[in-house]
Every structure is written in C-alpha cells, then in structure tokens.
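Beneath this line is the structure, given in structure tokens, with notes to follow.
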C-alpha cells in the first residue's frame, strides 16, 4: 500500500497524468477494502449485519472522497435564489389554519438529532440530558412540547431520536421516565464510521470494538447520515405504513425548533396544489451568523452552500451579510415517501465534509461527514421559508445557556418564548470568558441568574462571581485581570458599567 505518500492531495496535484492518479486511487481503495474486511472479521455474529452496513456506507463515502477535487462548488454558478423559492413566514402564516388541523398533525413525525455529547460544555454523556431550565433537560422540554400538542389536539405525533453510538445507552436509560407520557418515542442509531489516518488514509481501528482505548477510532458521520440510517433501521417503512407523511427534523439543542402548525399546513395543503418534498427554515443573518450555511440557486436547483465548500478567494463574499442575507437553521420538513424513493435509488447527493481532528496522542485523523440540509438539491419542489429568529435558539455554549435560563424567556408547555416585558425582540449579545466554559463552573459563579430584560451586551472575563438578584442593563463589561477576583454583590444594579480590577465585598 502507498504508505510512503505523505499527503495524498499534494501527491495528486503533483501527479500530472490522470492515469497515474487513477492507479493511486485504485490502490488506496484496495488497501481500504483489505483493512475494512479485517475489521469486519472481528465482529461477533450479532454485530455482523449492522457493522457490514456501516462499513459499506463508509466505503461509498470514501470512494467519493477520493474522486472529488477541490471545493465542491463552482463559484461562478452560484446565483441568488429566485424570489418565490424563499417564502416569508408571514405569508405562510397569513393563510391561517384549517378546521381539521388534527388530521394534518397526525401525518407528522418529530425527529430530533440526538447524536452529540456535551463535551464542549464540559459535560459527560448526551448533550440532550443537560439541564436548561428549572431542572428540565433539552429532552424533557421536547417531550413536554409534543405531549402538549397531542393533548391539545387529541393527536398521535411521535418523537424519533436519532442517537449515535456515543449517546444511545444513556438516552435509552432515561427514556423510561417518559413511559407514561402521551408521546410514543422511537430511537434509531446513526452509522458508526472509522476515523482514518491523515497520512496513510487507512482506518486507525484494528477491530470493531468501540469502548476503552478504541473510542477514538470511530465517529458518527454527521447528521446527513439520517437518510440511510433511518431507512436501514426499518423505522421509516413502519411510519409510512402508519400513514405518516412528513418528518420535522431539528437539532435537539435548538430550543426554538417547535412544531409550527402554519408550516405544516402549507406542506399538507399547498396553495398551488403541488406539494414540497423538502422545506428548509432559514432566518436572517446577523454578524454572529456569518459562518452559517446559506441557500443559493445552483444549476436550477436550490442548494445549501456551507463555508467549507467555498473557494478561499470568495470566503469574505460568502460571509457578507448583504449578499447572502439568510442562513440555514437546520429546521427541516421532509416528505417520508421522498426519502424512501431517493434512498432506494441511491440518489441522495450530499457534499462530503472533511473534518480534521487531532487525537489525544497527537495523531492527525480525518473523518468524512455529510450534512442533512445538503440533500435539498436531490428533492423535488424544495422551498425555503424565512422564519423569525425566535425559531433559532441553539444552546452551544454557557453564554447561550445564560440567555435561555434568564427572565428574557418564559417557559410554557416546554416552549420558550421571548418575555413580553422585553421592549425589543433582539437577544442581547453575551460573551462569558473561559472561567465559565464548563456548565458546573458556570453554575457555581451565579447564585441566581441576573435580571437581563434590559440588557444589550454583556462581556465577562476572568474570575467573576454574581450574587443573588443582580440586575444588568444596557452594556455591561466586567473584567477581572489575572490574579484578581470580582464578586458582584447581591442585589447590585449594573447599568452601562465597566467593572475591572479587584472587587470583593466581604461579610463582616
């Protein structure tokens, strides 16, 4: 095998003749096949079937990875989407709701992407089990929302969780607590793919096990894997047999992604009589969202373009808020029959995302991933809907967590809505420093969550703690320099203040 080629892509660009490139490609594919066969040979009889499916899927992805050259979009072909291809939410809402909304709801399945761990926030286990509001986790809130729908309309909307091998066991344990709730909950697992050594392009796993020292050898290949693994699990067919027609897919950490009856009605009863197979909710970019994927027109199809696909020379243009005004919230509505049709024809085309990682021991690996929204171009009659920002409320950091725990939002039946007492609808900009990165540190530093109704901007850096009942208004900047500590006393009101240096109020 061609181990001596230090960097495959460099070799490819230097190798002039396409014939030589083809030889290298075939060699690499052959070496990969040999390694994957060795791994499969270590599987127990009860694992063989799904391991085989996983490795077949990976082989396809690896084959495409070797074929592709450079950024996957030709910048010259990118056009603004036509006017009617992205509808304003107001227009869809203005149609109102039919009397038989329950029969429309009964055609819906809610799918939450639940493959992620809470590691970026310093937590072990599934991210969906982090407490977000009054002891409720992301998963609790999701179940409450759907239960509220089912009770209000006397319907049977099920919840489906797409887990990864990282989150499956912990999630299944916790699901027992919802056994009496009025929501049927199903789970299926996304695939498990081998990470590959960046230099040799061979798997670093030697066998199928993924516990102990082997945990770093495998990864879940991004949420684009939903189509194949949903189909392979058999769940897709079962739901179609039950008369379900659409799934609403979103990230479990997006607290704004609730079932929207107006969008659902638009799908089931389209004004022009022609149903959409794929709807992507987009929302207007702010300066904070410049890296978000955007919808464009490309070769007469709506297409999601992510920053990783953009040629270097055009990245600034891609980030411009004036040219590309919207970004993908990853709230998607997709027809089940279309997923089945495309999956059976092997016709779902998603760009490959090459995600480089450095493992704890210093080894450089790459993992090949795909994104669920990238498949929009494979579906018929797709549509973007420009929704209010309130439908995009992701909790990626403790800064986000502070916002959703605060009095900026009120909680009703599992749904967070912006408090009516807030005078303007935008969310304050919050930046908490590295002392707040981990959830447990963050919680330790707030005796209670401050009143933030009139806050515009908060920056906190260094060793800072907040007493009970603090109020923050306007722009507040608190900076404790290295070695200093700032304790904001209980009951303090900070309005348009910069606090720096050392501030400790001691009880006497």
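The backbone N, Cα and C atoms fix where each Cβ goes, glycine too.
Per TrEMBL, the features are as follows:
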{"type": "BINDING", "residues": "127, 190, 222, 253, 396", "note": "UTP binding site"}
{"type": "BINDING", "residues": "223", "note": "substrate binding site"}
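Feature map: annotations from TrEMBL on the structure.
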residue	record	Cβ within 10 Å
127	UTP binding site	24
190	UTP binding site	27
222	UTP binding site	23
223	substrate binding site	23
253	UTP binding site	22
396	UTP binding site	14
Residue 396 (UTP binding site) to residue 223 (substrate binding site) - Cα separation in whole Å: 16
The residue listed as 'substrate binding site' and residue 253 (UTP binding site), Cα-Cα, nearest whole angstrom: 14
Cα-to-Cα gap, residue 190 (UTP binding site) vs residue 223 (substrate binding site), nearest whole Å: 8
